[in-house]
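Chemist: Marked as region 'Disordered' by TrEMBL: 1-63. What TrEMBL lists as compositional bias 'Basic and acidic residues' is 1-11. Sequence annotations record features per position, and here TrEMBL assigns transmembrane segment to 98-118, 138-161, 226-248, 268-286, 293-315, 341-360, 372-392, 412-439, 460-481, 493-515, 522-543, 549-567. Residues or ranges marked as domain 'K+ potassium transporter integral membrane' in TrEMBL: 100-586. For 601-663, the entry in TrEMBL reads domain 'K+ potassium transporter C-terminal'.
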Amino acid sequence: LMEEGGSEKENGVLASMDSSESRWVYQDAEGSEVDNDGDASVGGDESPLRDSEDDEDCNPEKRLIRTGPKIDSFDVEALEIPGAMRNEFEDITLGRSIVLAFQTLGVVFGDVGTSPLYTFSVMFSKAPANGNEDVLGALSLVLYTLILIPLVKYVLIVLWANDDGEGGTFALYSLICRHAKVGLQPNQLPSDARISRFKLKVPSPELERSLKIKERLEASPTLKKLLLMLVLAGTSMVIADGVVTPAMSVISAVDGLKIGVPGTQKDHVVIISVAFIIVLFSVQRYGTSKMGLIVGPALLIWFCSLGAIGTYNLVRYDTSVLRAFNPIHIYYYFKRNSKKAWYSLGGCLLCATGSEAMFADLCYFSVRSVQLTFVFLVFPCLLLGYLGQAAYLMENHADTTQAFFSSVPSGAFWPVFLVANIAALIASRTMTTATFSCVKQSTALGCFPRLKIIHTSRKFMGQIYIPVMNWFLLALTLILVCNISNTYEIGNAYGMAEVGVMMMSTSLVTLVMLLIWQLNIFVVLSFAFIFLGVELTFFSSVLCDVADGSWIILVFAVVMFLIMYIWNYGSNLKYETEVKQKISMDVLRELGPSLGTVRAPGIGLLYNELAKGVPAIFGHFLTTLPAIHSMVIFVCIKYVPVSVVPQSERFLFRRVCPKSYHIFRCVA
């Protein structure tokens, strides 16, 4: 991994240690080489990262042959030793995929699954329904938004742009960084590409477009910074989404008390919501797998009840709402309501909330499990739920402020209310887990302070819990709920965060299509034109309501963006300073093996950011301390843009000075 040495000459010194131009070794009858020290190796390859001094016994039947120089394993590139590194990951079995599909209900789809609680209510608060045609137009907008964004864009396209199973804006960025040298993170080396999980398909020579884009990105520092800023903006929106999702989901569910108990006041809703949110964040530490298995049945009941209530209302009230599948009703809706219809787009967008969570939470599950669960369970139940609400509203225009709970049959109200609140709590976890994933990825790329990360699963590396972020999100969510308890205002903020993330993902996936997938230019332009066009239209709608709550999310996202950008800038500056001030190898050679001081027995571990060279702080120790350990190891924690590093490649060692100095480097 490391290209050691402070000078060109030192590399030659290291390569020649314990070696000569050629050497004489014995070869036994089976063809294995046995050198003068008794070390056996098949095919001449030495075992990595060790100095063998055992096996004194030699094979009696052997002959003397001339072979190449003996290279000390501490003096060569660890990743260049044949057979030293093996990928130890296993494929997920079919049975495991079924279990994962069940768990996805409780982790991935809670957010999009609870959108029927508030979508129509927010839409009709901006553009009141003056007739059945308005209900049909609003329903048609919701249906095609569901089809276009969650189904076509995310489930069928974006999920495949994952980085070895990890999703989200930073996963897209790390994927691009592995393909083109556009990363700005410090202590990266050309040898990083030899990690077994680093490899990507190299562009074919005949595909000049991909090569030209790659060359342009690599040659332009401005484009590299713009790409990083785009990723940071998307990530800041995801974190902002993690604040507003619990507020929106829980308040919308608890708000149903106003239907069941007519005397319920706004303050009562706020108090109950605060209690639920505190409980929600308190159980977050138990992990995704455990919580997924526990809450999975609750979400299954929720989706089934959503579909059942929708079917009941569809049959009882008005089956003519099926005409909403004809998109001409969207045109009529805008023709009748014009500006109000445009304002209502911000509410319509809420039916697609949680789409980004499907991608960001991908590290917890497999692509197939997410796709199967959405296509065969989540999507049909959502369609039935919205169709049933619209059928009810065709005969009850006055109930648009509480469209979902008003449409629930009176005999089933309290069971549905209970399940809806449980589903809302589960939905709130969706963006919280997505936030954990984004923070972990941004930390790995040097864009976020290092925080304590707890891995909650032994089988899946992506299932994590970050205590500091958990309580930080809880505090901000409580502030939001206590200050803006109006569902419509929180809905505006929710839409702002969602559409911001969607636009960033569309831009990055377009770049992946051009650079890595190398698709036909017509396909790429169609994807960018359709989805960016739709998302910019939604963005223009929520931007007009920025004064009604959205500004809080914008301010928070800007603050998070500045934190990440400044941290990345500071990390790079710190590393550049360490590189400039590192100690020359010539100085250490002049001091000799004693390093000009007393070498006391023991091992000294010295942490630094350098992946090569001797840090300046080591010189400070030599001049200040009365003694130094007999063995010194420079420890460097190094992040590379891959989702998981194989077990055998996580700790790499290398000798820094000649053998008598007993100075090594460990890259973790």
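Please read every residue number as a count from 1 along the shown chain.
The backbone N, Cα and C atoms fix where each Cβ goes, glycine too.
Predicted, not measured: the structure shown is a model, and the values here were computed from it.
Help me understand the surroundings of these features in the structure.
Modeler: Residues 112, 119-120, 123-124, 127, 129, 167, 172, 175, 321, 324-327, 329-330, 333, 344-345, 348-349, 351-352, 354-356, 358-359, 362, 367, 370-371, 374-375, 379, 382-383, 386-387, 390, 502, 505-506, 508-509, 512, 527, 530-531, 534 of the same chain, all 6+ positions outside the transmembrane segment (138-161), place their C-beta atoms under 8 angstroms from a C-beta of that stretch.
For the transmembrane segment (226-248), same-chain residues at least 6 beyond its ends with a Cβ under 8 Å from one of its own Cβ atoms are 111, 118, 168-170, 172-173, 176, 182, 184, 217, 273, 277, 280-281, 353-354, 356, 360, 427-428, 430-432, 434-435, 438-439, 441-442, 447, 473, 476-477, 480-481, 484, 487, 490-491, 493-494, 497-498, 500-501, 504-505, 507-508, 511, 553, 556-558, 560-561, 564-565, 568.
Here the transmembrane segment (268-286) has Cβ contacts under 8 Å with residues 246-247, 250-251, 254-255, 257-258, 421, 424-425, 428-429, 432, 454, 456, 465, 467, 470-471, 473-474, 477-478, 481-482, 485 of the same chain, all six or more residues outside its ends.
Using a Cβ-Cβ cut-off under 8 Å and counting only residues 6 or more beyond its ends in the same chain, the transmembrane segment (293-315) has close neighbours at 102-103, 105-106, 109-110, 113-114, 116, 321, 377-378, 380-389, 391-392, 407-409, 412, 415-416, 419-420, 422-423, 426, 429.
Only residues 6 or more beyond the boundaries of the transmembrane segment (372-392), in the same chain, are considered here, and those with a CB under 8 A from a CB of the stretch are 97, 101, 104-105, 108-109, 112-113, 115-116, 119-120, 135-136, 138-139, 142-143, 146, 150-151, 155, 300, 303-304, 306-307, 309-314, 316-319, 321-322, 324, 351, 358, 399, 403-404, 406-407.
Same-chain residues lying 6 or more positions outside the transmembrane segment (460-481) and placing a CB less than 8 Å from one of its CB atoms are 165-166, 242-244, 246-247, 250-251, 270, 273-274, 277-278, 281, 284-285, 287-289, 363-364, 432, 435-437, 439-440, 451-454, 490, 493, 552, 556, 643-644.
For the transmembrane segment (522-543), the residues of the chain that approach it from at least six positions outside its boundaries are 148-149, 153, 157, 342-346, 348-349, 492, 495-496, 499-500, 502-503, 506-507, 509-510, 513-514, 550, judged by C-beta separation under 8 angstroms.
Mean pLDDT of the predicted structure over the domain 'K+ potassium transporter C-terminal' (601-663): 86.
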Chemist: Tell me the residue counts in helix, strand and coil for the domain 'K+ potassium transporter C-terminal' (601-663), as DSSP assigns them.
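Modeler: Within the domain 'K+ potassium transporter C-terminal' (601-663) the tally stands at 15 helix, 23 strand, 25 coil.
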